[in-house]
Structures are given as structure tokens and as C-alpha cells.
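The following features are taken from TrEMBL:
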DOMAIN    15-703  domain 'Myosin motor'
BINDING   GLY108, GLU109, SER110, GLY111, ALA112, GLY113, LYS114, THR115  ATP binding site
REGION    580-602  region 'Actin-binding'
DOMAIN    954-1140  domain 'TH1'
Amino acid sequence: MSKMEVKTSLLDNMIGVGDMVLLEPLSEESFIDNLRKRFDHNEIYTYIGSVVISLNPYKSLPIFTADKVEEYRNRNFYELSPHIYALADEAYRSLRDQDKDQCILITGESGAGKTEASKLVMSYVAAVCGKGHEVNKVKEQLLQSNPVLEAFGNAKTVRNDNSSRFGKYMDIEFDFKGDPLGGVISNYLLEKSRVVKQPRGERNFHIFYQLLSGASEDTLRKLKLDRDFSKYNYLSLDSATVNGLDDAAGFRTVRNAMQIVGFMEDEMQSVLELVAAVLKLGNIEFKPESRVNGFDESRVKDKNDLKEMCELLGIEQSVLERAFSFRTVEAKLEKVSTTLNVAQAYYARDALAKNLYSRLFSWLVQRINESIKAQTKSRKKVMGVLDIYGFEIFENGDNSFEQFIINYCNEKLQQIFIELTLREEQEEYIREGIEWTNIEYFNNAIICDLIENNQNGILAMLDEECLRPGTVTDETFLDKLNTVCAEHQHFESRLSKNSKFLTDHSLPHNCFRIQHYAGKVLYRVEGFVDKNNDLLYRDLSQAMYKANHSLMKMLFPEGNPDKVNLKRPPTAGFQFRASVSTLMKNLQTKNPNYIRCIKPNEKKAPHIFTDSLVCHQVRYLGLMENVRVRRAGYAFRQAYEPCLERYKMLCKQTWPHWRGPTRKGVEVLLTDLQVPAEEFSYGRSKIFIRNPRTLFFLEEKRRHCLEDLATLIQKIYRGWKCRTHFLLLKKSQVVVAAWYRRYAQQKKYQNIKRSTIIVQSFIRGWKARKILRELKYQKRCEEAVTTIAAYWHGTQARWELRRLKEEARNKHAVSVIWAAWQGTKARRELKRLKEEARRKHAVAVIWAYWLGLKVRREYRKFFRANAGKKIYDFTVQRIMQKYFLGLKNTMPSMSPTDKNWPARPYQFLDGTHQALRRIFHLWRCKKYRSQFTEEKKAIYEEKLEASQMFKDKKALYPSSVGQPFKGDYLEIKKNPKYQKLNSAVEEKILLADVINKINRANGKSTPRIFLLTKSHFVLADHKTGQVKVSVPLSDVTSVSVSTQSDGFFALKLKEGSTSAAKGDFLLSSERLIEIITKLYRTGSATADREQLNIDITDEFLVQFKQDKVCVKFIQGSPKNGNSATCKRKNNRLVEVSVPSP
């Protein structure tokens, strides 16, 4: 821990008491008052030692953020204020670091927040464990299993809008690093009676309403359903819609979660078909019909719903209709068929609906387990999370068989809770070297024995009554209880010796009462026998087994006529008792962690705390008993180091630093404080404090000491602050004085400097003016001489200019006169030349016209009237001749793939030009074909066949066009390495190449030699040449490939054939196009063989032994560079990663 980090504790800033073990005085009133005080301040978590009490706030609180997760991560359990994250972190670190398997038991009544608590635990573990693609995938699957189970196992009740109507136990498996590997889910006691009947104000399981609200119109049409809830008898209408619950969004969430968990599309469709069948089953009604022998018989009123249900499940309508009207009872030697009256028919219908839904739910749990189970077989660490009903007591006396079973389970959990708590206390005392004293507590083993004893327990007697021949009713069962359990001190009825019926009129005749650890519970025996029997007539089981639906044979295996079992199926009570026994054994092997959930009010509203309701739950959860057991020894214990760190300021010898061993420091501290020796004990690593008053005494002393220390710190701080301020002022004054003296000296120096400069400037100015006057006088004299000389020179220049101008004027006049005369002569000569040229041009024009007239007269006798057409024909003929000669010289090559052709010279030759191009192409194609041999023709026919199958469908096809189909790439007959293989194959080998065979178990590839003959394909070992498998081509039904550039293909074999024993073949080859083309042509060449089907899709199913596995092609970044890779993701999926183009 860094020096600046502040250590916190459970005792700091405490609202009420964070740990009930420290509550003083301890009473039920103070217990409830402490819970209320913390609840009013949004402190919903409180400890009882290591047990967490959780109150449902019915609102969102900012205590479940990612920051909170980091705050509680790797912290001591008592280091921070109570939180469910502290328990989850303690359990996870014990599992990861100490290699101890853990279990978290979450109990409480409906609406107390058990499901949310289990989600918080799982989300915390998912947040703090390792990261990675595979780890994140496992975590996502574990978390997404919750929405699926909630949709099918949760319902709206008067106490809770999302009440779990089943018990769930999940084992999350981790590797040695603490990363999740998978999980296993167990479900207990689904409330299947809710399928056919719901109490007022409640509704059926969520999935029915989600399906009708969120499914598309096409899906509903396929399932033959309507969105109107009122059309289905099994759906209650008074609470069909719930505020704040979006069923349509819930349906989308469930479908997405099922896809993430690993459900295939056909599996999801099958599940929805069974849900729709249950709704249709509830609409089937019966009418009485009298027979000749006087017995009543039932008949279906409206057969439309029966017909639609049979279509959904693939059952013959007559078979199911007879199963609703007759019942066959089988003995060892005979079968007796009896008719069912209307009441019995309705009972059979409801029994079928309950069994169909409950078995579907069990199949969902099993299917989820297949997807989330750990793939590795190495040793795993396990953390179990148990989310199960709490103790149920209905005040109006409507406690029935379900409440009896639930309360029995809670008795067992209470028993193991007390045992494990005492064992944990005893182990810690022994580990710390403190003497263990026996703790008195109520042992509820006598109540568990009353219920589960194999001889005279209530469940054993109930099973005995159900199996007894003769008339069996709930009254006979109660009579038997009165006979056997009459003297038991925890059993009461009207006729038992413990009843006080003379003064206690609350005990009716058809009821019995059990004194549970949480209080007395009144059970009404009506329905005990029927609910324990849970009978489904064999005719209905056999009818369901005959269905063509993919799930029905798995859900109703007892309906198989080849495996008729005349033994009576185990009762519901027997099955649940066995499940509870297994659960208890599992929990006893793990280190337990407890979360007790409490509902603060019945209105499901925040800020309301109902004392009576909370007190009722505190009693039946046994929380007061838990506190007493924990306080029977030492109420508080803490390690020496944090104890000394917290209280060292109370002793001068330990403050501020203790240099010796921490235990010695604690001893010095407690001796100095004069704490009585009987109030504490020294363990090996912890101090144990017996009474909470001693702890509160230490806390009070610490509080006063902290106030004194705070005053001392303030005094020292204020003195330091004032002294520092004075020194700063003194230092500032010295600096200011120094700066001022410097400023004054600088200013004085600048004044002296300025005066000196002014004096110097005046002297320099006087000297400069004197020199200037002298220079100006000298310059004036020089300018006067220059001016006189200039005037004289100017006069002389003007005289010379005047003379020159007069002379030039005389010369110019002569030049002008001569130029005028020359111009006149030139104009006269030009006029004469123009007149002469005009006369010569006129003569030439007249002569040209005359010659033309003579020529026309001469040639007119040689031409007739159609001379123009002949000239035109001649011209066209000449153009065509020129066109053909030019085409001859520019003719393209003889290659059929050469698309060049000379340009058209004239527009009117367009048709001729195109026709000649087509004729030339046909002619050179014929010439090219005439060069082919028979072998080459066969190759091109295969290429043409491949083009028809794969062009524009398979991305690998373009790369295969330029590669010739060689066939025998290994030269089997010439290569001596394959001499043994050549002798083993008698037929002619059409293709021989090395391919990769994909292992069905893990997706890894193995090289194999692939041989194709006219009737078989053979796979042989690449190194030894030994034949591994030989499959007749008649057993190959289809070939599946992807649309991408990979070489993977699947050879699907005929079901039931000898070759299909291990399943289909998944192979990979770079010459995929050639292999499939030859397979196709070989199959087409045989008349008695069905044509091979080529399936090109990016997702297809293959049969691996008994499993159908989906092969899915995705674009990604394979590990092997540019080649596609294959990996077996789970039992249902093989994923092929193909490089992106």
C-alpha cells in the first residue's frame, strides 16, 4: 500500500451497525431497527460475520458500477463497507489463490432479489477474472444463459414481477489461473402447475407472452398463433401486461441469448413449436357422450386446435384424440382399456401440458449445459451459485405440497448452514490456538428426520400411500400421519397429542402443522397425493413418442413401445428428496458463502420499510439464530497489523511508530488501556474480542484521540503557516529595498548623463555653424565664375545653331521637290500595268469557256441517260475492292480468344463488317477444334462442366480456369512408392492427389491420398500408402462447398449405409474444382446412380457420428497466413476462417 493511500474500515463512517455481530444490545427490535436505519440511508447490505443480508431497494443505486468493482477488487472482506461484491471477491480469491472450491447460497422469499443477487455475483466474477477471446466467449455464454432460463422459468406473481419459479444451482468451472472454462446448471422443482392455472393477479411463464408480443407475423403464421392473449385458455387476462416489462424486447433478447449460448436455428424453431403446442393444448375442450353400456365418454368439441397442435408436433390426429378419450392399463398378462369422462380428459390434457413444458425446460437446461460445459478434462476449480426459493408461509393457510417441499429444502439448507458455520468457527479457533467451547444452538435435524425418514417420514408415508392399492385420498394420507406422527413434538393435527384443538380453533380438520425452525406452518393436505403422483397416462406418452417432431422422442422416452416399463415412475417427492440429498453432498464439499435476501415491503416500492414483514422474514431465515451462534464465542476478530494500525494512537508507547512485532504492540496497547483479560484472547495471527462493548469502548477512545490529534495537527499547521508567512514577508521587504536603492542610483546617473550630453551638443553646434559660414562663402565665389562662363558658352552655341538650321532648310526643299516628281512617275506606270493585266485575264476566261464547250460537245455522244448509275456502281465496286484488299492485309490472328478486328472504313458497310467478323470467328474456331485429340476434348468438356457448376458461384473458380485437369498428379502406376496402393485398386484411377482430411473431434487436418475410380473413392495414408477407407460412389448423396476462395468440401453419405458409420467426410484441397467436377461426371455417367447434388453455401450441416455439426465459413485473419483454417468451436459448430479478399 502506498504512503498516500488512506486505509478504510467497516467501522468508519458507519450508519447503524455494519456487522450485526457487533449490535448491542442484541434483540429482535434492535435488529430490525438497525436494518431500517441503514435502509433509509440506501445502505442495503449488512453483515452477520461473513453472511451478507441484502434488502431489495426496488430502485437503481449507483453502487454497482465498474468503479465499485475495482474498489472491492482484492480487498479484505471487512476493509470496506458491506457489499455483495466483497463476498464475491472473497469467494473468488479463495478459489483462485487457496484452491478451495466455493459455493454461494442465495435464499429469500419471492421478490427479495435473489435472481438479481446471483446476476451481480456472476457479473463481478466475470469482471475480475482473466481476459481473452476464448475466456470472454465463455463468460458471455455463462451470462447469457440467464435470460433464456428466466424467460422459460420466471413469471409475474403478486410478490414479484420477475419471480423465479424454479430453483437453480450453477457450478462455474475455472482453470488454475482463475479463468472460467465453463459451467453446469442444475434445476429443481419447476412450478409446472402454473402452466395450466395461475392465481388471480399473476400470469403464466414469460415466454408465452414474449412469443405472442415479439415474434414476427411470419413466425406466428408458421406456429399457427394469434397475438391476442384472450384466445388462449392457459393465459390469465387480468395481468397479461406488466408495467415496466417489454415482452417484445424480451423475446428479441431471448433469441439473441440462445444464439450466443449455441442454439441452432432449427433447435430454436423446435422449442417455439413446443411452446405454441402448449398454448394450443389449453384450447382443447371436451364434451360428454354416453355409450350403450351406460359409461360416460369424452369427445373433443372443436377439433381445429387439436388439428393445428398435431400439425405442429407431427402427430396423427386420431392417435392423440383417442389418447384423450381412452386409457390403457397394462398388467403382466393383459391390457385393459377404459374410457375417460370429461373431468378425466381435462386432467389428462393438463397433465400432458405440464409434463410437456417441464420436460422442455429440463431439455433446455441440458442443452445449455452441452454448450457451456468445459472442453478440457483437466482438474478444475468450482464455484457454485445456488438461487432457490426461500421459506414460504402463506398466511391464509393455502400452503400445499409445493410449500412443503420448498420448506423441507430450506430446513436442509438451515441444517448445513449451522453445521458449516460452527465448523468454520471451530476451525478458525483451532487455527489460532484458542480453546473451543461448545455452543448451544437449536438443531433442526429432528425436523428433517420427521420429513425425510425412510421408515416413518412424511415423504416416505406419502410415497407409500401413492403406491398402495385400493382407494387412496388425501384424507387417508392425513389419517396415516395422525397414526404415525401423533406423538412427534414438531407435528400437530386435530387428532395428534400435541394439538390444542380445544383452545386453538385455527387448525382445520384437513390440515396438519409442522414446527419448522422458522416457525409453525399450516399445510392443507388437498392435492398432496395427486401432486406427488404426477401421473401422465401411458397412452399420451406413446402418442407423443410417435410424433415426427425432432424433440419429442427425447422428451418422452417412456413412450417407446419397444421399451415398455410396467414399473410405476418415481414420485415427485422421491425425486426432489434425491435431488436435495445430492445438492447437500455437493455443498458439503465446498466452502460456503451466504446471501440472505429480504423484501422490505409488499408494494414493490422504494423507501418503504414494513417492520412486520421484515421481522417475519428475519425469523424464518434464522438470522437471529445466526447472530447468536456467531456471538457465542468471540464477537469480533482482527489481524494484529490492522488492529495496531487502527488503535496505536491510544498508547504513547505505540504512537506514532511501533518498531517491534505487531502482536507485542497490541499486547502493550491493551495493557495500557487496562482492558480486562477475560474480554479478549490472543491468537496466532489475530486478536479476538469477546464483547462488542469492548470494541465500541476502543472506537470511542479512538474517536476522542482522533479529535485531540486533529486539534494538535491544526495547531502545528497554523503555527507553521504563520511562520512561513512572516518569513515570506521579511524576504519580500529585503527584495523591495534592494530594488528601490538600485532604482534611485540609476535615476541619479541618468540625470547627470543627460546634462553632460546637452552641454556637449551646444558646443558641437557652435563649431558646426562657424565652419558652415566659411564653406558657404567659398562656394558662392566658385558659383559666380561658373555662371559667367556658362552665359558666354551659351551665346556662342546659339549663333552656331542658327547658322546650321538655315543651311538644313535649304537642303530639305530640294529633296521634297524631287520626291514629288518621282511619285507622279510611279503612279502613271502603275495605272498602265493594271490596264494591260485586265485585258490579258479577259482573254483567258473566254478561251477557257470555249474549250469547255468543245469538250462537252465531244463527249456527249459517248454517254446515255443512265450514265450516273453506272458511275455510282463503278465507284461502289472500286470502294468494295479497296475494302476487301485492306481487310486481307489487316486480318487478326487465328486464336479464338483474340477479340481484335479492323475498324469499319465506311458507315454503309456496317452490316457486312459485322457478318464477316462472325463468319471469320466461326471458321477459325472450327479450324482450332479440328486440331484437338480425344483426350483434349474430354479435358475441355470437364472444364465446360466445371464452368456450369461453379462460375459466378465459387470464388475459387477463376483461379482454376487456366490450370489443366491432369487427373493423376501422383503418377500412381509409375511411382514405386505407391506400388502397394496401385495393386490394391483394381479399377482405372481417374484422379490421384494429396488432400487434407479434417478430424471430426478437434478440427485439425491430416494429409491423405485421395483416389477416384468409376465406382469408388479411396482415402489412403500419405506416408505408407495403406488404404484407410473405401467408399462406393453410390453412397455419396451430395457435396457441400462454400462460396469463398477456400478448398474445403464435405462429402455427405447416405444415412444407414455402412460407410456412414462414423459420419460424413470434411476434406480440403487446392484442386477442389477438379475433384468435384470428376465426382459429378463419374456419377452422371452411370445410368442406375442418382445424380450428385452440389450444394454451394457458407453454412451447412454435416453428420459426425450421432451429432449434427454446423460448418460455418467466416472471413477473418487466419493464423496460417493466406490459407483457410478450421477449428472445432463446440459440439455443434466447426468454424472455417477464410482470408479476406
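Each Cβ is built from the backbone N, Cα and C atoms, and glycine gets one as well.
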- Message: Within the region 'Actin-binding' (580-602), count helix residues (DSSP H, G, I), strand residues (E, B) and coil residues, in that order.
- Response: 9 helix, 8 strand, 6 coil
- Message: Please list, in sequence order, the residues in the chain of SER110 (ATP binding site) that are at least six apart in sequence and whose C-beta is under 8 Å away from its C-beta.
- Response: THR157, ARG159, ASN160, SER163, SER164, TYR389, GLY390, GLU392, LYS599
- If you average pLDDT over the domain 'TH1' (954-1140), what do you get? 84
- So for GLY108 (ATP binding site), how many other CB atoms are inside 10 Å of its CB? 26
- Item | CB contacts for THR115 (ATP binding site) [other CB atoms within 10 A, all chains] | 22
- Mind telling me which of the binding-site residues GLU109, ALA112, GLY113, LYS114 has the densest Cβ neighbourhood, counting other Cβ atoms within 10 Å? LYS114
- Query: If you draw a 10 Å sphere around the Cβ of GLY111 (ATP binding site), how many other Cβ atoms fall inside it, taking every protein chain shown into account?
  - Reply: 23
- Task: Show, in sequence order, which residues other than GLY108, GLU109, SER110, GLY111, ALA112, GLY113, LYS114, THR115 on the same chain lie with their Cβ within 8 Å of the centre of the Cβ atoms of the ATP site.
- Result: ASN56, ASN160, SER163, SER164, GLY390, CYS597, LYS599
